[in-house]
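Enquirer: I'd like to ask you about the structure that follows.
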Amino acid sequence: MAAAGEVVMLGGILLPLLLVVAVSGEPPPISRRSFPEGFIFGTASSSYQYEGGAREGGRGPSIWDTFTHQHPDKIADKSNGDVAADSYHLYKEDVRIMKDMGVDAYRFSISWTRILPNGSLSGGINREGISYYNNLINELLLKGVQPFVTLFHWDSPQALEDKYNGFLSPNIINDYKEYAETCFKEFGDRVKHWITFNEPLSFCVAGYASGGMFAPGRCSPWEGNCSAGDSGREPYTACHHQLLAHAETVRLYKEKYQVLQKGKIGITLVSNWFVPFSRSKSNIDAARRALDFMLGWFMDPLIRGEYPLSMRELVRNRLPQFTKEQSELIKGSFDFIGLNYYTSNYAGSLPPSNGLNNSYSTDARANLTAVRNGIPIGPQAASPWLYIYPQGFRELVLYVKENYGNPTIYITENGVDEFNNKTLPLQEALKDDTRIDYYHKHLLSLLSAIRDGANVKGYFAWSLLDNFEWSNGYTVRFGINFVDYNDGAKRYPKMSAHWFKEFLQK
């Protein structure tokens with residue numbers, strides 16, 4: 001696997017592409033026409049990061065409302081998503097921007113508490129929330145943009161957190177399923193692509209381990225400033241319940257709605273690519289374990305009905321088990337896989353822990369770093385975790401192809417950030433050459449994987465707009481369009497938006 005991490009990624013189609021870059025200093029040209037006929041290009045967003053209108057239109061509080069207001073110290077600039085990019089009021093402007101760019105599709109998420117303010121169907125449906133999403137969906141279709149709808153992008157109802165600890169309880173499976181069915185009933189005549197969960201890994205690890213940097217902010221006391229939690233058990237429990245809720249919801253959709261509505265349903269996962277720190281067997285094994293704990297945690301159940309062997313051996317009784325019926329239900333429970341890729345790491349082997357302070361962050365016995373022998377794996381972006389490594393994109397996509405039966409894939413997020421430099425004049429802030437270079441090289445890498453047989457059907461850039469970036473608040477900007485938070489969230493196209501418009505011309 002050292003060879004796979006360091007040599008194979010230069011093989012096949014990618015080698016001549018990289019040679020062109022090396023010789024000329026510029027990547028070869030690429031456009032929509034480089035990709036297969038019918039390939040979908042879009043941009044992506046999420047409700048809490050974009051909408052604002054936190055207390056408008058009958059919306060109930062989510063765990064992110066509670067988290068940002070009770071723990072502003074956990075957000076880099078002590079901000080929140082009360083207003084965010086104000087898409088609750090400016091959605092027509094956003095759709096106009098997309099139409100002008102020429103995108104095919106828009107991936108957005110529905111705020112659970114805008115539909116069911118109390119989290120459960122028994123608490124009543126909020127018709128104002130239904131109207132907002134109907135208006136957004138209809139506006140998209142009017143302008144020729146397909147809606148790709150995520151049902152859960154981390155903003156679970158605070159009412160269910162208070163009632164039974166949210167995703168730590170199996171009770172959430174039925175409440176989630178009823179919420180999803182409400183969406184199928186209300187929007188499924190027009191929505192043809194559903195995503196049950198966005199990045200379960202990020203929600204479960206950052207919310208229940210890793211110092212509790214995401215809502216609901218739980219972790220073991222020795223791992224961070226958390227009021228409660230167990231970093232060695234709760235991440236696995238929460239994600240187990242997400243997988244079960246996913247499987248139950250997919251069965252419901254396929255049995256009751258798919259034939260009539262003619263839609264597809266899947267789940268979005270995130271993974272880095274991992275390059276062995278050296279060619280030693282221990283480091284090659286560590287890179288594989290890192291993939292198991294980030295991607296296999298979900299792909300193995302979806303394909304094989306059980307967690308990866310490495311997880312079962314290392315996590316042992318802290319890892320929940322599927323019953324035989326659950327295993328059969330989850331196996332194959334998707335029409336497509338959404339895959340998010342941003343960055344890569346080196347992986348080195350770690351000795352077994354002492355068994356006292358168990359945590360997801362050490363269970364894989366892999367030391368993840370972006371620097372080897374003083375040299376970073378690639379240029380660093382604004383976020384401390386994001387190093388630019390386009391080759392890893394190809395490697396990850398081909399790894400899914402080769403290890404999980406070449407499923408239909410949509411790249412549901414890919415992007416890079418810059419610092420929010422408030423001293424820059426607007427015209428300077430719109431110059432984002434690094435982002436253009438990032439997208440250009442990552443699209444070349446993806447195209448190489450497609451030409452090597454990966455069944456990828458679409459690509460969504462993260463993100464359409466600058467937005468609330470979770471624990472980073474507004475200190476970084478991921479958008480291809482600039483949002484002026486000091487002037488009514490006015491939108492201005494960055495250079496990357498112009499680049500994409502040219503790229504997308506048919």
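Each residue's number is its place along the chain shown, starting with 1.
A Cβ is built for glycine as well, from the same backbone N, Cα and C atoms used for every other residue.
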Enquirer: Gln49, His153, Asn198, Glu199, Tyr342, Glu413, Trp462, Glu469, Trp470 bind beta-D-glucoside in Swiss-Prot, but which of Phe41, Phe334, Phe478 does that record place at the same site?
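Expert: Record source Swiss-Prot; matching candidate: Phe478.
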Enquirer: Which residues does Asn357 (N-linked glycosylation site) neighbour through Cβ under 8 Å, counting only same-chain ones at least six apart?
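Expert: Within the chain, Asn357 (N-linked glycosylation site) has Cβ neighbours under 8 Å at Ser220, Trp222, Glu223, Gly232.
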Enquirer: Can you check what DSSP calls Trp470 (beta-D-glucoside binding site), collapsed to helix, strand or coil?
Expert: helix
Enquirer: Looking at Cβ-Cβ distances, which residues of the chain lie under 8 angstroms from Asn225 (N-linked glycosylation site) while being 6 or more apart from it?
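Expert: Asn225 (N-linked glycosylation site) has long-range Cβ partners Gly211, Gly212.
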Enquirer: Looking only at Gln49, His153, Asn198, Glu199, Tyr342, Glu413, Trp462, Glu469, Trp470, Phe478, which the record lists for beta-D-glucoside, tell me the maximum pairwise CA distance in angstrom.
Expert: 18
